[in-house]
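Annotated in TrEMBL:
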type	residues	note
DOMAIN	18-132	domain 'Acyl-coenzyme A oxidase N-terminal'
BINDING	Thr138, Gly177	FAD binding site
DOMAIN	278-439	domain 'Acyl-CoA oxidase C-alpha1'
ACT_SITE	Glu424	active site, proton acceptor
DOMAIN	480-656	domain 'Acyl-CoA oxidase C-terminal'
Amino acid sequence: MEALDYHAEERRKAEFNLDEMKIVWAGSRRNYELSDRVARLVASDPVFRKDNRTMLTRKDLFKDTLRKAAHAWKRIIDLRLSEEEANMLRSYVDQPAFTDLHWGMFIPAIKGQGTSEQHEKWLPMAYKMQIIGCYAQTELGHGSNVQGLETTATFDPQTDEFDLHSPTLTSSKWWPGGLGKVSTHAVVYARLITGGQDHGVHGFIVQLRGLDDHLPLPGITVGDIGMKFGSGAYNSMDNGLLRFDHVRIPRNQMLMRVSQVTREGKFVQSDVPRQLVYGTMVYVRQTIVSDASCALARAVCIATRYSAVRRQFGSQNGGPEIQVIDYKTQQSRLFPLLASAYAFRFVGEWLKWLYTDVTQRLQANDFSTLPEAHACTAGLKSMTTSVTADAIEECRKLCGGHGYLSNSGLPELFAVYIPTCTYEGDNVVLLLQVARFLMKTVSQLGSGKKPVGTTAYMGRAEHLMQCRCEVEMAQDWLKPSTILEAFEARAVRMSIACAKSLGKFSNPEDGFAELSPDLVEVAIAHCQLIVVSKFLEKLQQDIPGKGVKRQLEILCNVYALHLLHKHLGDFVATGCITPNQGALANEQLRLLYAQVRPNAIALVDAFNYTDHYLGSILGCYDGNVYQKLYQEAWKDPLNDTVVPDGYLEYLRPILKQHIRTARL
Ligand SMILES: CCCCCCCCCCC/C=C/C(=O)SCCNC(=O)CCNC(=O)[C@H](O)C(C)(C)COP(=O)(O)OP(=O)(O)OC[C@H]1O[C@@H](n2cnc3c(N)ncnc32)[C@H](O)[C@@H]1OP(=O)(O)O
Ligand SMILES: Cc1cc2nc3c(=O)[nH]c(=O)nc-3n(C[C@H](O)[C@H](O)[C@H](O)COP(=O)(O)OP(=O)(O)OC[C@H]3O[C@@H](n4cnc5c(N)ncnc54)[C@H](O)[C@@H]3O)c2cc1C
């Protein structure tokens with residue numbers, strides 16, 4: 001019997017080759033095949049079931065996470081999965097766990113900041129998971145201000161050891177994932193002190209728990225910091241607290257690629273920039289951008305599929321009502337998010353390339369592109385996560401009342417996703433880093449130093465400051481060069497206007513603080529330009545498959561024009577475009593939505609998400625939403641009994657009070 005598919009008609013409408021689009025989304029045929037295989041492997045394994053997750057108590061959820069992590073590790077070993085496949089498997093398991101920090105931060109920190117001897121000693125044990133590590137940087141009193149950390153690592157030349165100490169309550173490590181209950185080791189960030197001199201924050205490998213009994217080592221106080229936002233969600237993670245009471249570690253456990261302490265206690269700063277101590281954060285920020293496209297695509301897939309099933313109003317002569325996806329308001333809220341998912345995918349690919357490039361350069365002691373890599377990873381992490389967090393909530397609203405049900409998948413996705421706006425750098429703090437980079441670039445414009453990379457457009461500031469947009473008809477907005485110039489002109493004009501305002505302050509730092517809200521907007525304009533330009537660059541590539549490139553062009557235009565419409569004030573105020581040209585952009589946007597409409601379901605099918613990964617009744621592939629919702633309701637523990645627990649104690653006395661009243 002053929003399986004029921006409520007989306008069959010929608011799928012028939014698609015005007016492009018879905019299989020080829022799946023490959024574009026995955027990045028290559030190889031990536032597609034790997035990811036498809038691993039996703040199905042996870043989906044078919046009962047240990048990775050997650051539909052009951054939000055019902056579990058914290059302790060049960062945590063134990064379930066340990067079980068899944070252990071099972072995942074067994075599968076990785078048994079199937080001899082590569083590092084890439086193993087990462088995919090963990091991400092499809094879709095439950096935050098200590099392993100994220102072990103593989104995602106502990107190992108990269110040692111790789112990036114350790115010497116080759118330290119690599120040889122620690123990495124083999126870490127790769128085999130004979131030790132499990134976390135990244136212990138943030139403290140109770142300081143997260144954003146890394147230079148304000150208080151934990152000390154004081155060198156003792158008598159014993160050739162560091163003494164790690166938490167001198168105040170606020171110096172307690174607070175938040176590191178995997179620290180609370182699991183990690184045997186941590187890369188701890190502490191102030192290095194030699195001969196009474198403070199050399200700032202450095203990384204140290206510290207053992208926390210016994211490898212035989214898992215008990216904290218002497219001088220170490222460690223535990224979980226408590227429940228976090230939402231049910232299920234990030235509560236599977238043991239974010240921890242940690243205090244040191246004069247804990248001793250050998251000198252060779254300081255990560256010494258950036259700076260060294262000699263046997264005599266001499267501090268040596270190598271010619272590597274001190275910012276490499278922040279290198280792990282740059283790495284993770286880059287991965288967060290790719291992850292943003294996955295999370296956004298997931299929410300959009302749910303909302304799009306559901307919007308095609310859901311009908312409200314407009315029945316004619318007893319015929320079916322209108323699919324809510326056909327309402328123009330629904331389209332104007334949903335399709336820009338669909339376009340953003342694709343846009344973030346491509347900018348994530350590019351950022352991965354940039355990161356690989358900077359890493360290779362660093363290995364060859366070329367540090368020239370580090371500031372650009374920092375600005376791009378910080379800015380794009382901030383911009384993509386803020387958009388995605390808001391978009392998940394918008395997708396919940398797009399699904400009406402059923403979006404609020406836990407089994408829509410959206411509440412948990414929201415709860416698990418929103419801390420990305422805070423961790424790996426608060427989004428505002430990171431945008432201010434981008435703004436600093438931009439202001440520095442503007443200040444150097446007259447010096448003959450040519451801006452390169454993502455700020456190359458500033459080298460054309462003279463033209464961009466006075467150019468006039470030539471759009472006369474709505475369709476003129478489809479020209480890539482017109483779109484690009486509008487975004488470049490807006491970004492450069494906002495940057496230069498801010499730089500001029502900064503120049504009015506006698507103390508630049510006072511000016512930076514006073515103008516910081518405007519500087520954040522400048523940084524966002526620059527980041528949006530990067531995303532638009534990388535989408536346009538993607539379209540320059542040879543993209544095979546019937547209609548695939550055409551759909552991507554439509555999505556790219558939707559992405560750019562919806563931003564233009566949303567930030568029309570910026571574009572008009574800086575004189576890049578006229579209000580009439582803004583109205584024409586909006587007119588074109590409406591036409592583009594009509595072109596997305598028949599392809600919407602296929603465009604979300606291209607994400608190739610399994611029903612297991614989506615974890616949503618509203619978003620399931622076959623669209624059989626109502627029957628599944630009905631069946632699922634009966635599985636709720638409240639429906640285990642017809643009369644609820646507590647009836648006799650609490651309900652019956654109220655319901656029977658009229659009898660007592662009548663007797664009085
Ligand atoms: C398959 C892989 C899966 C991976 C999965 C991973 C799992 C993810 C789970 C995530 C869990 C969360 C973990 C965490 O949150 S870890 C803690 C993260 N903490 C932060 O991000 C703190 C944010 N704060 C900072 O980064 C810095 O303190 C800040 C940049 C804000 C300021 O630093 P500082 O005061 O030292 O800097 P200045 O402003 O004075 O700037 C000095 C110059 O240094 C440049 N700079 C700053 N940062 C960097 C960097 N990272 N790289 C390069 N350069 C940097 C800055 O631009 C200044 O340059 P100029 O002097 O030229 O202006
Ligand atoms: C789920 C989760 C997991 C985490 N995992 C880890 C981990 O594994 N390891 C680890 O070390 N840390 C971890 N962290 C900590 C995380 O990195 C920090 O919370 C984050 O860097 C933000 O720092 P903060 O908490 O000090 O925020 P704060 O800096 O105190 O931010 C509070 C407010 O002040 C504003 N603000 C701060 N400074 C400025 C400024 N200069 N200008 C303008 N506004 C400013 C911010 O925008 C924000 O609105 C985790 C956090 C969370 C939520």
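Glycine residues also receive a Cβ, built from the backbone N, Cα and C atoms like all the rest.
Feature map: TrEMBL annotations on the structure.
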| residue | record | Cβ contacts under 8 Å, 6 or more apart |
| --- | --- | --- |
| Thr138 | FAD binding site | Lys173, Trp174, Trp175, Pro176 |
| Gly177 | FAD binding site | Pro96, Phe98, Asp100, Leu101, Cys134, Tyr135, Met237, Asp238, Asn239, Gly240 |
| Glu424 | active site, proton acceptor | Met281, Val284, Arg285, Ile288, Lys381 |
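Averaged over the domain 'Acyl-CoA oxidase C-terminal' (480-656), the predicted model reaches a pLDDT of 97.
Mapped onto three states, the DSSP output places Gly177 (FAD binding site) in coil. Taking DSSP states H, G and I as helix and E and B as strand, the domain 'Acyl-coenzyme A oxidase N-terminal' (18-132) has 90 helix, 0 strand, 25 coil.
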